[in-house]
Amino acid sequence: MWIPTEHEKYGVVIASFRGTVPYGLSLEIGDTVQILEKCDGWYRGFALKNPNIKGIFPSSYVHLKNACVKNKGQFEMVIPTEDSVITEMTSTLRDWGTMWKQLYVRNEGDLFHRLWHIMNEILDLRRQVLVGHLTHDRMKDVKRHITARLDWGNEQLGLDLVPRKEYAMVDPEDISITELYRLMEHRHRKKDTPVQASSHHLFVQMKSLMCSNLGEELEVIFSLFDSKENRPISERFFLRLNRNGLPKAPDKPERHCSLFVDLGSSELRKDIYITVHIIRIGRMGAGEKKNACSVQYRRPFGCAVLSIADLLTGETKDDLILKVYMCNTESEWYQIHENIIKKLNARYNLTGSNAGLAVSLQLLHGDIEQIRREYSSVFSHGVSITRKLGFSNIIMPGEMRNDLYITIERGEFEKGGKSVARNVEVTMFIVDSSGQTLKDFISFGSGEPPASEYHSFVLYHNNSPRWSELLKLPIPVDKFRGAHIRFEFRHCSTKEKGEKKLFGFSFVPLMQEDGRTLPDGTHELIVHKCEENTNLQDTTRYLKLPFSKGIFLGNNNQAMKATKESFCITSFLCSTKLTQNGDMLDLLKWRTHPDKITGCLSKLKEIDGSEIVKFLQDTLDTLFGILDENSQKYGSKVFDSLVHIINLLQDSKFHHFKPVMDTYIESHFAGALAYRDLIKVLKWYVDRITEAERQEHIQEVLKAQEYIFKYIVQSRRLFSLATGGQNEEEFRCCIQELLMSVRFFLSQESKGSGALSQSQAVFLSSFPAVYSELLKLFDVREVANLVQDTLGSLPTILHVDDSLQAIKLQCIGKTVESQLYTNPDSRYILLPVVLHHLHIHLQEQKDLIMCARILSNVFCLIKKNSSEKSVLEEIDVIVASLLDILLRTILEITSRPQPSSSAMRFQFQDVTGEFVACLLSLLRQMTDRHYQQLLDSFNTKEELRDFLLQIFTVFRILIRPEMFPKDWTVMRLVANNVIITTVLYLSDALRKNFLNENFDYKIWDSYFYLAVIFINQLCLQLEMFTPSKKKKVLEKYGDMRVTMGCEIFSMWQNLGEHKLHFIPALIGPFLEVTLIPQPDLRNVMIPIFHDMMDWEQRRSGNFKQVEAKLIDKLDSLMSEGKGDETYRELFNSILLKKIERETWRESGVSLIATVTRLMERLLDYRDCMKMGEVDGKKIGCTVSLLNFYKTELNKEEMYIRYIHKLYDLHLKAQNFTEAAYTLLLYDELLEWSDRPLREFLTYPMQTEWQRKEHLHLTIIQNFDRGKCWENGIILCRKIAEQYESYYDYRNLSKMRMMEASLYDKIMDQQRLEPEFFRVGFYGKKFPFFLRNKEFVCRGHDYERLEAFQQRMLNEFPHAIAMQHANQPDETIFQAEAQYLQIYAVTPIPESQEVLQREGVPDNIKSFYKVNHIWKFRYDRPFHKGTKDKENEFKSLWVERTSLYLVQSLPGISRWFEVEKREVVEMSPLENAIEVLENKNQQLKTLISQCQTRQMQNINPLTMCLNGVIDAAVNGGVSRYQEAFFVKEYILSHPEDGEKIARLRELMLEQAQILEFGLAVHEKFVPQDMRPLHKKLVDQFFVMKSSLGIQEFSACMQASPVHFPNGSPRVCRNSAPASVSPDGTRVIPRRSPLSYPAVNRYSSSSLSSQASAEVSNITGQSESSDEVFNMQPSPSTSSLSSTHSASPNVTSSAPSSARASPLLSDKHKHSRENSCLSPRERPCSAIYPTPVEPSQRMLFNHIGDGALPRSDPNLSAPEKAVNPTPSSWSLDSGKEAKNMSDSGKLISPPVPPRPTQTASPARHTTSVSPSPAGRSPLKGSVQSFTPSPVEYHSPGLISNSPVLSGSYSSGISSLSRCSTSETSGFENQVNEQSAPLPVPVPVPVPSYGGEEPVRKESKTPPPYSVYERTLRRPVPLPHSLSIPVTSEPPALPPKPLAARSSHLENGARRTDPGPRPRPLPRKVSQL
């Protein structure tokens, strides 16, 4: 049976459990589990990492841990009772683990590695804590390290600041909010402002001395020198070096280094230097022989200095090399370091160029104990400590020092009868009173043990030597008396024996007879003469002699005259036990001189403070001894002396001695009667304060009152102990009288001078320290009443001195911080007076910082859960006194501007935060009773209204993001919890008092506004938190957003008809709330919108306002990243359900649908905008949203905003044409008026005319950059008209020049024609604006199908490319996936006159072929009926699909949606007609190009003629004859009579063209190709005979073929899918011939270039029953065009191999050898004059199997070749230039074709008209549709490596083109030769259906361009002359100006103007 667990609540998994048993819970080792129930060795519970999944697991798998349970029951919370630091470490490391991996993903390597080291360090420290073997101090140290690293990691990762107390996390529920704030602020300030260390230490390590002339041992002496004061400031660090310059004791590294300690900040300045003096030990002269002398002398060697400023920049861990200078003049040795510092080192020599002293220096900061811990490895070896000279800045009690510093300064000696000066050495000894030498009390420096004697260094031949050597004598105090120092002087001989001869001595006693030590300063000692054998061991012989000249001069002047020798030393005593002050000794020995007591007491103030504190206890005993001796006589004097000593301890240097005095009072003070005299004297001083003129002494007394009361209280306690409590009442009366005097003194006002105020301030400063002393004698309530009366006596008038006000407040603050205030009984007495003074200051807004601190302390004492009666009463008092003023104060200080300086800003933030914390503390402590009392305290509704408005405003301020630092989440959550609790209380008051007739809009609006911004706080968005953090917040506070949301809903429902006041104002705020991804909150809040719609419907009959506001806010909110797909669905479903029964349901559904659709588009837009690069999705999504705002919502401002967003996207993607069209949308909204427009987006305030002008110029610029110059010309004309109307001729001139430049660009610059692709987006995973729709996209320059398909797959990486072109079924539409269907389509231009006119250059026509395109199509061949295996063309039909777009391309996007599709089936006969028409047109073009020398060689024409004639001879067109001219077909298809006749006409026309072509070919064919030409002529006659043609009539021969537009025309778009009858098999063939320098072009049979769309189709190749499938292709060329060898044609595949989903692998390799399509190169690099598609040919170089490429090193102009005058032009007067001279070619004109009257094909839903020819840049792709009329002899093509077989069964054709890089064609042709005459062809009619009516486009309409040719006429031979039928047209007219041209019938016709545009809409003031 499962039973709930009592103690087993928490455990850690010690072995992984798979949970394979029923209800098993899968656990991993290390997981923590919470246990709910147990049963027979099993537990039931959950893992803390996933508390939602509960299950069972074996109890043996879990290690139980102690834990405490909070909130027992269903929602119990288990907290482990282990060390809180361990718990925090565990949870923090888990959080870090996830984030640490993310750092690696984000490539933040530095932080990644640093955090890894910190995590490992924390784990190691965690193990140390868990083991539990650490001492208390070590444990504290480890925890400090742990928390420091946890805080560092949290800060680096952007996590929350953790409040801590004693290294443990603090639960905010367990402490007051003010205390929580202080903890947070302390940690935050500690993080931001590191504490500057007050103590510094210098670590010095000696490495070596590098010098070339070593060989003797050395002494190195380090010290710190103050160059400003010219004195050393530290002891010396002494080190011995061996002969190699290395430390002498290598086994003792601690001797190599020292720590110079206790350097204050004042010592860290640039004039403090490290000085190094080096002394050598050896011979007198450095150059003497080694054996010259056996005696060793100390001799000067060198000196080095270093400024300590060089170390202040940071830690110097690298060794420093100090330059060592040698002293040339030994007499200056004592000041060598000073001269080097002063840069006077030129007088010294360096020890060597590479010489130097290698040292390591490091500056350490902090307390010495901290340094010991951090550098324990150094201190563990006993590194020497080098002290400062004298005491530290702070003298610590108990510090024992007795150091006498002796500096051997200088000496004056006589020659002693010698001719040269002496070499003097000084030897020093310390001798005690018995004459014995004291051992080991002479210290040369730290690092060297003390010695018994000292030998000075020797200066060579110097009778006035100066040494300046500092020595320390650490002599014990007990050995000082009677001891003296003896100095012996010896002359050091330089002779071989090296003798030292004693010639004199000096001595100095250490202590004088009166007990004073040797005074500090310089002492000139007498040098007493003596001999070497003089016995100085007997001290009695010389101690009676005078030792100092100063003393001797006073006693015996005559004796002094005998000696001129002297010796000077300087002494300095640093002792805590001995004194040099006689006055101090006199005071301590007062009993021996009673008569001097008064004088001694008076002189006490003159004694140095360090002397007093050294003998503090003795001094105090002396004072109270004198007081006991005669209190009447010495009472006031002793009191003053005591005050002086007390105040001396206030000095920072001596404040550490306060505990010494406290100890004295508690343990050593024995003055039981002293209290009487102390009270009496103190009262005497207080009574005279108001009368005294000088208050300085009185203020000193008041300053000392704390310790005076301590002495009074201790004295009274001693008296009570001694007497059993006698005179208690008397004592109380004395205290009462004293305090009455104080109260009187405090109540007085300062009159005139501020002295009284200063005295009052001094008293108040120290008065709170008295409380604790009074509590030792009086009851708490008594003391509280005394203090209350005293503080109450302060003057409350506001005009008193501000400084006194501040001191008064400080006194209040100290009172609150005192022990007295912590007691509830005394606190209740003191609280009113504290609050009274606080109220006054807050009301005046004075001393806010101090007020905040006091308030914080007040609330720190009130715990959260304290429900004691006294606490409740305190809260009552505080609420009544301070709540209102506290709210006003917060409002006041938060409305002020923040100070600029950082220090003031911190102070400002602190005071604001503390007041906020105080308010929150107060509100958290308030209970229902407090709130009720508060609300009842307002007498009128106006007062209540003001209070509610005030507190709501404050709450809004409190939840501002800047109120607390961003990582203070704990504080924010606590604040929010208090706010929501308070709001719940106050909402009742709102309902009860401000509804119905008392309704107040302002207060309700303030309430709702507060609630909304409360919910929207960033710190409450739990979705952004880590799982562990979210869990903690939910456990402690729940989701406060839902609570507040429910409150909003409840309050809204209470409003009733007053809801109308908040519609539509609250729609936006509420909408923002509902966008928060919290399901419960959304379910609560969304229904409010239904309520708003309902009330708005009641008021106005509609809810337009609601709709408008919803739409406006949705855009801005969703652009901020709010909202998601779930919200859209929830919004839709909830509101639809709500309005089901409403009468206005229909309009409501419409609104909801509109808003939902807008959300769909906004979500798509936001998702797309997250992408990095600009792609089609971004642009398409923006277009969708833009159109939605315009068409469905009519939101003009939003529409314009998105126009500019789209414009920016286009510019970024360099879609300049689309950018121009986009900006044109805004331009159309404006008029040429002077209406002023406001500033909007990037536009300044300007008139509508100016903005429209600016837009025009910008659009023209973009059309220019996009090479859409025709559109730019239209806008140039429009703006020129405006300039002309305003007579602005300057700008008019510029505009006309700009227009002219655009015309030049049309004629001179090349333009690449884009490909067009149809893209289908299927499946539900696509964005809304693409889902299950098809589009036609305009490709980028040079972009082919493969590249486009790859681009689309990159944009949609999860999409699947469909492998067929069939319409997808419904399963694809509804699939939860993305499917892409892509294939190329052919643009069908609108019928425009410019495309059919003669003489219009192709540069002009090319624009209209690919611009303003609404219609596109592609074809699919299929068999209908029985398939004839002998002639498949009988049953081969073509399915032609036409696509109509919603807008023409190009436009505001590179792609537009397909609005309509039409499918037409073309019969086999119609297909045959198209094939022949296009092949004839191709032939005409090639012949024309050859005739006018536009071809670089004749190979293309040769190939084309060969293909057509060969195919015809071998049965080509006979297939058509067999299929359509037989009797059976004619009888069975009587309706096709006209079409059959048309087919026959085309055959005859082809024969005429071929004959004329052969004549031209013969004229230009090179010699090596003559055999081929002869063969073609022979085969042509065979072909004619096969067609039943013998000879053309004479009249037909008389006229040449007339080519309209100057060339034979290939109308690829008129019938692009013509199919020839012999296309059933694909037979690859190779030609054995490869002609160098000869172009080979495909010239397959009757199928033409117009069958381009068939190139997208895969047809049957072997089996006649195969289904023909559509294939993607980047081009739309035909099977047999001159460009049929495109990259998409393979030798074995019947369709494009490019991205072909059905192409087998064996075919795909052929792409590598395919030719480039012409559009892959600049058109002029292929042919000089771009005229017609059939004229664009690609030169393929045949050689080494290399594919042709456009030279990448050539610029576009270099690749282009300009056109030349045509020799076919009837109005040319000059013959064409040779191409080698001019590089220009031009095509002959092409005659117009009459309209055909044939009927369209059957099964046609819509038949498109015959469009103009395709762009010259269009590459051609071999169409699958075979042609029977092209054939090449096997001998020509059977084995050619670059030629492939035709698709005709058994009929070969050239399907690849080969070009050469050079051509000799132009050199072989006579420029004057004329073409051969050919018969005039039969007119070719065209057929087609009606073009559907198109909607108006927003793009500039195409305009007709009639250009009068500038070519000079060239006469033609009579045989080729063509009658003049028309004159070339003039230039295009200006808009609205009628232009006419001569037509063929002689009539004039007016040039049609541009397509009418809609009237511009009125635009708002944008």
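A Cβ is built for glycine as well, from the same backbone N, Cα and C atoms used for every other residue.
These figures come from a predicted structure and were not determined experimentally.
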Which residue, chosen from S59, S1614, S1919, is annotated phosphoserine in Swiss-Prot? S1614
The annotated motif 'SH3-binding' range in Swiss-Prot, which must be one of 227-233, 591-597, 1788-1794, 1907-1913: 1788-1794
Out of S895, S1618, S1692, report back the residue that Swiss-Prot marks as phosphoserine. S1618
Tell me the Cβ neighbour count for Y167 (phosphotyrosine), meaning other Cβ atoms within 10 Å of its Cβ, over all protein chains shown. 19
Which residue counts does DSSP yield for the domain 'SH3' (6-67) in the helix, strand and coil classes, in that order? 3 helix, 30 strand, 29 coil
Which secondary structure state does DSSP assign to Y167 (phosphotyrosine), in the simple three-class scheme? coil
